[in-house]
Amino acid sequence: MTIQPNDRPLLEWTGDSLAIGLFEDAVELTGELATLDQKFAGVLKELIAEEEFKGKANSTIFTRVSGNTPLRKLIVVGLGKPEALKIDTLRRAAAAVARVAKKQKSKILGLSFPLWNNDPEASAQAIAEGVELALYQDVRFKSEPEDKAPQIETVELLGFAGQEAAINRAHQIVSGVILARQLVAAPANAVTPITLAETAQTIANEHGLQLQILEREDCEKLGMGAFLGVAQASDLPPKFIHLTYKPEGTPKKKLAIIGKGLTFDSGGLNIKGAGSGIETMKIDMGGAAATLGAAKAIAQLKPDSEVHFISAATENMISGRAMHPGDVLTASNGKTIEVNNTDAEGRLTLADALVYADKLGLDAIVDLATLTGANVIALGDDIAGLYTPDDAVASQLEKAAQTSGEKIWRMPMEEKYFEGLKSGIADMKNTGPRPGGAITAALFLKEFVKETPWAHLDIAGPVWTDKENGYNGSGATGYGVRTLVNWVLNAGE
Ligand code: BES
Ligand code: MN
Ligand code: ZN
């Protein structure tokens, strides 16, 4: 599929499906749209009336066009109230149109959308992202594709002549989102710590990044007892992945992105029971997937900041070598941890990754992790929790998320709750009481960052969606990639 920006007039456009975005106050067609309606004998007005179309955001209607014209379908998508138009409204509307057009077997789709904020660049990018994200289908694990409908070949963005660069940028970002979706969607027998390391190697080779993989012995030398404690029951080797993007010239900022990389979380000896969702725990490397997806996108976008992409990848398994509940581990900063629950393993792996990143002398660290069920209870399936003591990093991430359309919400770092992690035998326990469980998880992580401004995103909810949702199909969402990319791109400002 190619996405082409051009200035072909609506009234002269030829192709098989034409889609129009309409605000709530514009369903009484005027101007060019009234002329278009007349050209097709009033079919648009009729459609809007019959369907009682009000222009509500994301509502779509379509009709067959008859007569002597190559145009087969007219599609109308609602954009809501003009004053409420967000950049993500365009992204979602484009996704909705792309889905309808695909179902209607369109090959050449024309899109006529208004601008967000008088900004053709940002608008074109968001529309292109919406189209590409919505049309992606994962058929890797089917012996035969179920969907045999023809693919859309060309999407024309009318009124966006000259926006090739924005569309290209969208494509580069989407390539990162799709990589993240593929990694998360693949089962634990297909994506292992070894696969994650190989994926990092592929990104490094294709896009010229530096890569360092620390093997178990290397991690032992660095004293990464928390990470290795989690890894010790798995038959697969742990991989500590460190990819680096360096811009030409002096970097404006030096940043790290760290992702939780549990390719399967059985819970360990505190094994996940019936109803715990153990069969879905392939998603527990969603942070690592977003990290690698961001690396792939950033390597192509070439921002002027240096970025380190890090994941301590392993499985959390059971065997005769498994951690016992109650074991005491020593992390690479010397702190001791009583593992009162082997299922709180993500924070153990992140602890050593954070200590490692903290020593790199960076301006900021962001970690992403499918860390707690408690965060899902607090914020639901669509919103990531943002935990940070640093107001500046918080607002950078909130801004980046706003642009990307990914929802985040800042949560409190209530220091008093650290009391719940006090241990009689070690410096701290890895698990506190159930109430506020996502907050104590973040407070635990904070113990392993001393020098660097840091934020943690708990993405346990949005990493996955059971049903089609906006530009996400059902399944892995690739959550985080677009926010991370925006965060890095804005960091130089
Ligand atoms: N990977 C899970 C968290 C999770 C839960 C992710 C649901 C996605 C969906 C994490 O390792 C875990 O098991 N957390 C425990 C922590 C508890 C033992 C303190 C949880 O949330 O129940
Ligand atoms: Mn767990
Ligand atoms: Zn986990």
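Note that the numbers count up from 1, one per residue, in the order the chain is shown.
Note: Cβ is positioned from N, Cα and C throughout, glycine not excepted.
The shown structure was predicted, so the numbers you read here are calculated from the model rather than taken from an experiment.
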| query | Which of Glu198, Glu206, Glu338, Glu345 shares the Mn(2+) 2 site with Lys260, Asp265, Asp284 per TrEMBL? | reply | Glu345
| message | Let me spell it out: take the domain 'Cytosol aminopeptidase' (341-348), skip the flanking residues so only those 6+ beyond its ends count, and list any with a Cβ under 8 Å from a Cβ in it. | response | 226-227, 229-230, 260, 262, 265, 267-272, 284, 316, 322-323, 325, 329, 331, 369-371, 430-431, 441, 444-445
| said: Out of Asp284, Asp343, Arg347, which recorded positions have CB atoms lying under 6 Å from ligand 1? | reply: Asp284, Asp343
| message | Near ligand 2, meaning Cβ under 6 Å from any of its atoms: which of the recorded positions Asp265, Lys272, Asp343 fit that description? | response | Asp265, Asp343
| The one of Asp265, Asp284, Asp343, Glu345 whose CB sees the fewest other CB atoms within 10 Å, among these binding-site residues | Asp343
| request: Compute the centroid of the Cβ atoms of Lys260, Asp265, Asp284, Glu345, then list the same-chain residues not in that set whose Cβ lies within 8 Å of it, in sequence order, for the Mn(2+) 2 site. | output: Gly261, Leu262, Met281, Met285, Asn316, Gly346, Thr349, Ala369, Thr370, Leu371
